[in-house]
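*Asks:* Feature table excerpt (Swiss-Prot):
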BINDING   49, 50, 99, 127, 130, 251, 252  carbamoyl phosphate binding site
BINDING   77, 161, 212  L-aspartate binding site
């Protein structure tokens, strides 16, 4: 039984196959690959983009979607994770997409399920489909020529599952990664590090990936105000100037904190393209896992 818990669960050949499939799905036409199949989504953390994206992907493949309301589920009444897994499995879904505030929950569920489990984000640990769609966006923009491209990841890197998954995946595809964050947002890493964003860093980047400040994962106040943070790390036109690059963000964007209003409307900012690509990538992932499991 295969699952997608981290980006390491797919090798490079499989990822390129996913990209080829996802490219076909960008036409947004409905398919019947998963007709008669049932996909359950259970998100223990709030989500708009990821949940909607997975559900759109499932429906475009012809699958039925069962969204479990966590606020009314038995887990909110004290049911153990193992009992939750057993009950989910008894419903015989063809796949489960799960998000949880605690790292490791999707892996625990996967050990007790008889269907593929897809990690929709767990704590600070991983968000594999986000990293896949980010690389897919980069891959398409540079027409497959991604090796050696310089990417600057800016923001709350230490607390970001998006950063963790991207660092693993982009390293495997030989992108040149630089991290920019204040000291308390910087993980222990061998990668190049800077503690303030400046023009020279941007001038030497092909891609900038801005990240949201994960205030819900902070144990204490680390900035007097987000405006103080923005002074050093907001992506602004005055910094980017006319540099030929692309700007990514996993969403939701804190405007004028992560990225300025002016840059959000700039043609180099591909946030909405990431959203479109995300549905296609998740279609490819669901199709692969479900059909391989039944094959």
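The backbone N, Cα and C atoms fix where each Cβ goes, and this holds for glycine too.
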*Asks:* With an 8 Å cut-off on Cβ distance to the 49, 50, 99, 127, 130, 251, 252 Cβ center, who else from the chain surrounds the carbamoyl phosphate site?
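*Replies:* Along the chain, the qualifying residues are 47, 53, 120, 121, 162, 250.
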*Asks:* Looking at the binding-site residues 50, 130, which one has the fewest other Cβ atoms within 10 Å of its own Cβ?
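*Replies:* Each of the binding-site residues 50, 130 was scored; lowest Cβ tally within 10 Å is 50.
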*Asks:* Take the C-alpha atoms of residue 251 (carbamoyl phosphate binding site) and residue 161 (L-aspartate binding site) and report the distance between them in angstrom, rounded.
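*Replies:* Checking the Cα atoms of residue 251 (carbamoyl phosphate binding site) and residue 161 (L-aspartate binding site) gives a distance of 13 Å.
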*Asks:* Least buried of the binding-site residues 49, 99, 127, 212, going by other Cβ atoms within 10 Å?
*Replies:* 49
*Asks:* Secondary structure at residue 212 (L-aspartate binding site) (DSSP, helix/strand/coil)?
*Replies:* coil
*Asks:* May I ask which residues of the same chain, at least 6 positions away in sequence, place their Cβ under 8 angstroms from the Cβ of residue 161 (L-aspartate binding site)?
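*Replies:* Correct list: 121, 122, 123, 124, 125, 126, 127, 130.
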*Asks:* Measure from the CA atom of residue 212 (L-aspartate binding site) to the CA atom of residue 50 (carbamoyl phosphate binding site) and give the result in Å, rounded to a whole number.
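*Replies:* Residue 50 (carbamoyl phosphate binding site) and residue 212 (L-aspartate binding site) have their Cα atoms 15 Å apart.
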*Asks:* Between any two of 49, 50, 99, 127, 130, 251, 252, the residues recorded as binding carbamoyl phosphate, what is the biggest Cα to Cα distance in Å?
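*Replies:* Across 49, 50, 99, 127, 130, 251, 252, the two farthest Cα atoms sit 16 Å apart.
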*Asks:* Tell me the coarse DSSP state (helix, strand, coil) of residue 251 (carbamoyl phosphate binding site).
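*Replies:* It is coil.
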